[in-house]
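Here's the structure we're looking at; comments come further down.
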Amino acid sequence: MIGVGDMVLLEPLTEDSFLENLKKRFDHNEIYTYIGSVVISLNPYRSLPIYTPDKVEEYRNRNFYELSPHIYALADEAYRSLRDQDKDQCILITGESGAGKTEASKLVMSYVAAVCGKGQEVNKVKEQLLQSNPVLEAFGNAKTVRNDNSSRFGKYMDIEFDFKGDPLGGVISNYLLEKSRVVKQPRGERNFHIFYQLLSGAPDDTLKKLKLERDFSKYNYLSLDSATVSGLDDAANFRTVRNAMQIVGFMEDEMQSVLELVAAVLKLGNIEFKPESRCNGMDESRIKDKNDLKEMCELLGTEQSVLERAFSYRTVEAKMEKVSTTLNVAQAQAKTRHKVMGVLDIYGFEIFEDNSFEQFIINYCNEKLQQIFIELTLREEQEEYIREGIEWTNIEYFNNAVICDLIENNQNGILAMLDEECLRPGTVTDETFLDKLNTICADHQHFESRLSKNSKFLNDHSLPHNCFRIQHYAGKVLYRVEGFVDKNNDLLYRDLSQAMYKANHSLIKQLFPEGNPAKVNLKRPPTAGFQFKASVGTLMSNLQSKNPNYIRCIKPNDKKASHVFNGSLVCHQARYLGLMENVRVRRAGYAFRQAYEPCLERYKMLCKNTWPHWKGRARQGVEVLMTDLQVPAEEFSYCRSKIFIRNPRTLFFLEEKRKQCLEDLATLIQKIYKGWKCRSHFLLLKKSQVVVASWYRRYAQQKKYQKIKHATTMVQSYTRGWQARKLLRELKYQKKCEEAVTTIAAFWHGTQVRREYRKFFRANAGKKIYNFTIQRIMQKYFLGLKSKLPSMSPIDKTWPARPYSFLDGVHAELRRIFHLWRCKKYRSRFTEEKKAVYEEKLEASELFKDKKALYPSSVRQPFKGDYLEISKNPKYQKLSSAVDEKILLADVVNKINRANGKGSSRLFLLTKKNVVLADQKTGQLKANVPLTDLASVSTSTQTDGFFALKLKEGSASAVKGDFLLSSDHLIEIITKLHRIGSMAADREKLNIDISDEFLVQFKQDKVCVKFIQGSPKNGNSVSCKRKNNRLLEVSVPASS
């Protein structure tokens, strides 16, 4: 081993030997050194091959001092104590900024994740815990002059484990994010990583959606002198952060919302204000260029006017009155119990050229952590030795409780005075706050100010007038008082909160719940200092409730360079961390102490007298135990309530013996269990064998019985077969005998009958033969007729031929009867509507068959009646309402003009009482002729559709003369007219005149209508021409 791994064993112990040992180990890449159970870690500023999976396995389940010092040894010790002894643990990582605290916390978490259990759900939890680091670093870390990845917030993670030691989840608490870094960064530093990662690594389409450009110079919030950091790939880190957010549990829309919010912050930095004066003399601010404001509003989903007013105005509410005031430019620019292991990674002690409120708060937190370290490792340990009656020489050390009291005292502390100044009415400035400090804290030995009553600082030119200085445990720090009051107030005007709450952006609405108008609270919110003090108090209580494990991080130089060891810098850090005092206390004290009851409970299996139950006092049991184990008396000490063990090796000896004993007990338990299991298995096999044997014997007997039964059945079957065959032979013989007797008797009776029959045959044989023949012929005739009957169609005229001429009369009569019968059957299937149609068809046949050449083509066409669907057609609604009766026929006809023989379209409507003619286009009524005025209907014998309605002379309708019409449905129209006339009892039958020449009365003149055969050159259409005043000639094509 290089140097001494544990400073407790260092000889001689001086400050120089302490630093020399650290330097010697650092030069050989041994960056870890122990002070008892405390780990000192020097930042190597480079990667070392000491964190491989093999190293993890090497330190897994090993004693703390068994291997060379390593951070994995402390992590393993904490994890095993939590898993095996059920003690909550916390790992406190402290040191200056840039000392490697963040990397140390990641190493601890990675080791715990590697050594705990496996499984899909466990691996998922471990991955989420590890991947939370990149996300937190992107949004909370930034480059500073001392550290390229400096944590600008405090982080405390509680990792919860189940009883097996498998992680269940984690709770992360953060403290005091350095919000001022967003709007302003010191020279040589840059903003939070996420801004640069987004612009460098986001795809072009993502930047387009976010309305961003890759050029850093476009955004006022991004410092250009340190925009790029060597060794830091922002583009690759952005992809890592996106992947980590998915693993942690961010949904895609939630990640997009976060990026939109980041983009909106960049846009906010580009908004500039210009001063304007109002008529009342007050100053107000206006936004110069509203393009960035517009894009910001689009990203956040809020109205531009609302946000612009919130930037330029603020509302002051007193009781029930509200007053809106404008902001000037400066104001507008500013604004189940589980086991737990805690890992604290918090900002280190900071001393900059310009230290403000943030550094004051950070250093206060480090003072509290140092106080815990002092109390738990120095003061409490020495007080415990005295309390337990151990002879002890007190070791002097610096107790920083006086500095903590200077800062946090509720009456005269700096934070209390800062809160009091912020809440005080009247004019409050940083100068009034400093005056108050100078008055109250002037006599404090750790407070220095040039304007205080203490005269020794009046001529100290290193102390400016607007500053004060505190002598911390890590050294003196000069704080510039400018901005303390504003940063402590940390107020956000209610107008801005309400404007953000009105946004349609879900994440913004969650971040500003105080903007909800329904939950307006007029109470002043607590100050930043008060909140942080309360958070630190909660953190300290949390840490004190757990078993502490310390990692003291030290940076070897200020240049962030590897292989460089600055002795004076390391010495300064070792002094204010109290490492030398820690070594002295460890060397003089005891390495381990434990109350008698838990000690006896843990190690009682190592002695037969104390195992399994000790019935006496716990101290007596421990004494019996240690005597039986033959532990040297100088290695331990019996005290009032605890046993103290001086050397860790004694503890390792006890743990090793306990481990071996537990293995023996486990072996015994396994032996008993395996014996019980084997006996149970044997009894089960025995029981199963009995069951199987019984079932087999049953099966064998069943098979034997089946064989015997089968053999018996075979014998029986052969016996029955022999008996049956014997009986069959006897029956056959008997039957043959009976048949022979019957045959002989038959022949004998036949001979007798034939003798008798010959006597009468000549007189009666002819008549009987004739009747028998006729009967056979008729039977054959009827059977043949049955198989050859024609179909049931009434129009089927076929009939089978008669076989004999003497059957003519019967054959004809049967044909007539069959035809009448099938006609009756056919008519019985008719409905009333179909019957009426056929009756019309029958009447049309009587009227036009063999008289009109158009008739044959109309037979196959059904009579529809209403061809116009006049009741459904809205065009003829008025005409339909004008006709009161039911319309039997509606069709379009041509009315022939006597002047030129041409036709004009008319609607022809037929009811039971009237014939109605109307205009086809308008539906206007042209003529309404009662059927009683109709004398006859004339039509030709040819294939045309012309017909004349002749009216009775002297009737009212005969004034204008007869009607000469043409229709495609002539047969149906005339048939319906004739049928209505024949069915009416009060009217005469309508006369139908079928002739190729007839007279038509047109007003006073009678005109002859003559039908002639047309020549082929006239085409296939019917034409009507006027020959003279007395003759209309209708040419009908011959082909029709």
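Placement of Cβ uses the backbone N, Cα and C atoms for every residue, glycine included.
Just so you know, TrEMBL annotations never went through curation; they're auto-generated.
Sequence annotations record features per position, and here TrEMBL assigns domain 'Myosin motor' to 2-659. Summarising the annotation, TrEMBL assigns ATP binding site to Gly95, Glu96, Ser97, Gly98, Ala99, Gly100, Lys101, Thr102. Residues or ranges marked as region 'Actin-binding' in TrEMBL: 536-558. If you look up TrEMBL, you'll see 852-1038 marked as domain 'TH1'.
Projection of TrEMBL feature records onto the structure.
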| residue | record | Cβ contacts under 8 Å, 6 or more apart |
| --- | --- | --- |
| Gly95 | ATP binding site | Ser41, Lys101, Gly348, Phe349, Arg552, Cys553, Ile554, Lys555, Gln573, Leu577 |
| Glu96 | ATP binding site | Arg146, Gly348, Phe349, Glu350, Ala474, Cys553, Ile554, Lys555, Gln573 |
| Ser97 | ATP binding site | Thr144, Arg146, Asn147, Ser150, Tyr347, Gly348, Phe349, Glu350 |
| Gly98 | ATP binding site | Asn43, Thr144, Arg146, Asn147, Ser150, Gly348, Lys555, Lys560 |
| Ala99 | ATP binding site | Ser41, Asn43, Gly348, Cys553, Ile554, Lys555, Gln573 |
| Gly100 | ATP binding site | Ser41, Leu42, Asn43, Cys553, Lys555 |
| Thr102 | ATP binding site | Glu137, Asn141, Asn149, Ser151, Asp345 |
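Within the model, the domain 'TH1' (852-1038) shows a mean pLDDT value of 84, rounded to a whole number.
Across the region 'Actin-binding' (536-558), the DSSP tally of helix, strand and coil residues reads 9 helix, 8 strand, 6 coil. Counting Cβ atoms from all protein chains shown, Lys101 (ATP binding site) has 28 others lying within 10 Å of its own Cβ. Apart from Gly95, Glu96, Ser97, Gly98, Ala99, Gly100, Lys101, Thr102, the residues listed for ATP, the same chain places the Cβ atoms of Asn43, Asn147, Gly348, Cys553, Lys555 within 8 Å of the centroid of those Cβ atoms.
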